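Annotated features, as they stand in Swiss-Prot:
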ACT_SITE  89  active site, proton donor
BINDING   27, 59, 60, 61, 81, 82, 83, 114  5-amino-6-(D-ribitylamino)uracil binding site
BINDING   86, 87, 128  (2S)-2-hydroxy-3-oxobutyl phosphate binding site
């Protein structure tokens, strides 16, 4: 995965023995489907052809499903999009999802990568969704983060 402005270059790595799960919401379908495609591509490039994929309605449902997935997976990727509207709902959802995913990761000692886009506009989300016209692919980036963290944790635990 090639880096752009501030985005690290992630070298190719073999994660073929990592049990990967992806939970993706369905609001803003075009964006979420693109994030999921990027995640699947990165998984395949890393040797994982069939990650577990679970779809949920909205972003707020992602943490509890991620929590369940940590029970039998080595890494979880959370994908979705929350676009700012005219009410404080955006702030509540973004905070709840971010805190929920962080708590799940720490409580389970399992990497849970946060690929939930929190943007001010649909245009910003589309630009990060991994579409042909996008500048970034947050689905791919989150998957690389989850997998490399799982491999790092495996190494650290083997040394202990």
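Glycine is treated like the rest: Cβ placed from N, Cα and C.
Shown on the structure are the features that Swiss-Prot records.
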residue: 27; record: 5-amino-6-(D-ribitylamino)uracil binding site; Cβ contacts under 8 Å, 6 or more apart: 57, 58, 59, 80, 81
residue: 60; record: 5-amino-6-(D-ribitylamino)uracil binding site; Cβ contacts under 8 Å, 6 or more apart: 93, 96, 97
residue: 61; record: 5-amino-6-(D-ribitylamino)uracil binding site; Cβ contacts under 8 Å, 6 or more apart: 25
residue: 82; record: 5-amino-6-(D-ribitylamino)uracil binding site; Cβ contacts under 8 Å, 6 or more apart: 59, 90, 93, 94, 97, 116, 117, 118, 119
residue: 83; record: 5-amino-6-(D-ribitylamino)uracil binding site; Cβ contacts under 8 Å, 6 or more apart: 28, 90, 119, 120, 121, 122, 125
residue: 86; record: (2S)-2-hydroxy-3-oxobutyl phosphate binding site; Cβ contacts under 8 Å, 6 or more apart: none
residue: 114; record: 5-amino-6-(D-ribitylamino)uracil binding site; Cβ contacts under 8 Å, 6 or more apart: 78, 97, 98, 101, 102, 142
residue: 128; record: (2S)-2-hydroxy-3-oxobutyl phosphate binding site; Cβ contacts under 8 Å, 6 or more apart: 117, 119, 134, 135, 136, 137, 138
Under a three-state DSSP reduction, the secondary structure at residue 82 (5-amino-6-(D-ribitylamino)uracil binding site) is strand
Mapped onto three states, the DSSP assignment of residue 60 (5-amino-6-(D-ribitylamino)uracil binding site) reads helix
Quick tally, other C-beta within 10 angstroms, 59, 87; top of the binding-site residues is 59
Residue 89 (active site, proton donor) -> DSSP, reduced to three states, gives helix
